[in-house]
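What TrEMBL says about this protein:
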{"type": "REGION", "residues": "1-23", "note": "region 'Disordered'"}
{"type": "COMPBIAS", "residues": "1-10", "note": "compositional bias 'Basic and acidic residues'"}
{"type": "BINDING", "residues": "Glu109, Asp132, Ile134, Asp135, Asp261", "note": "Mg(2+) binding site"}
Amino acid sequence: MKVGETERNARARGGSPSCSRRPLGAFHAAHHPEFTMTVTRQDIDFLVATARAAAETEIMPHFSNLAAADIKIKAHASDFVTVADVASEALIEKRVRAAWGGDFLFIGEEVMEREPTLIDHLMEAPRAIVVDPIDGTFNYANGVPAFAVIISVIEHGEVKGGVIYDPVRGDAACAIAGGGAFLTGNGRPDRPLRVAPAAPLPDMQGCAGWYYASPEERNRLLGGFGRTWGIMNYRCGGQEMRLLFDGRIHFCYYHKLSPWDHAAGWLIHREAGGHSALLDGSPYRPDLRAGGLLMTPDEKSWNELAAALRG
């Protein structure tokens, strides 16, 4: 049973130009009709298949099978990159360029290490494909089966499509702007994703990451989270947000932002019915690198939790 679900709630539920369009079927929910759907279900299916190919070819064969030389430290002692990260990103870029041509901006977490100014063009690019080849590399490198492949499609600064693929389970949480959110793959029928019912602050539970926050900010945030039922941290935002979209937890908070980590999840959460904003109330943009992104079931619960976190 999902977080906050009661018997009453259960009863109430009742139960790109480069690709041709096809109907979205049951998931053409039009939650946000003001967004033009330039990303199609066919595009999303292709991105899921691409993430699956990366998982089967590069990620899972190396899982729990990495030599010391296969792991390198980036900016922080617990910030890793592995040979699988690099190979996965290269495979994804190769497949996407082969299918969609070269007329788009490709931003991968690993290529950003070499070309950090790529993000400066994100908001103006007619189309950008943004990739985290292995979200949760710390877990992956340590043999913990909680990691994901994240892909988003961003057009002129608007997130139009998102995929968070679980290489272990073989399924993907997905969304199309204006077309709803759904879980697909693993040989099961697609099903819609929906956030949890709103809950009072003392009953809310969720996931939070405050890496790179100052000591003062951490103390303030912990004071606010201390007023909720509890917080968790999976060291993998993709897996945490999948719990959020599927109504298993009430909130996620991320202090440090990056488009490869959060753009797809932000869209899927919105299409699943959730409300999100930066901690100061300003809207999320995929080029932001700080500001604290808070995602909750609705605006009322967002206001309550945000007030607690601001102190």
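The backbone N, Cα and C atoms fix where each Cβ goes, glycine too.
Locations of recorded TrEMBL features on the structure.
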residue: Glu109; record: Mg(2+) binding site; Cβ contacts under 8 Å, 6 or more apart: Asp85, Glu89, Val131, Asp132, Pro133, Ser258, Trp260, Asp261
residue: Ile134; record: Mg(2+) binding site; Cβ contacts under 8 Å, 6 or more apart: Ile59, Thr82, Ala84, Asp85, Ser88, Tyr140, Phe147, Ala148, Val149
residue: Asp135; record: Mg(2+) binding site; Cβ contacts under 8 Å, 6 or more apart: Phe147, Ala148, Val149, Ile150, Ile164, Cys236, Gly237, Gly238, Gln239, Trp260, Asp261
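Cβ packing within 10 Å was compared across the binding-site residues Asp132, Asp261, and the lowest neighbour count falls to Asp261.
Annotated Mg(2+) site Glu109, Asp132, Ile134, Asp135, Asp261; additional same-chain residues within 8 Å of its Cβ mean position, judged by their own Cβ, are Val131, Pro133, Gly136, Thr137, Ala148, Val149, Ile150, Gly238, Trp260.
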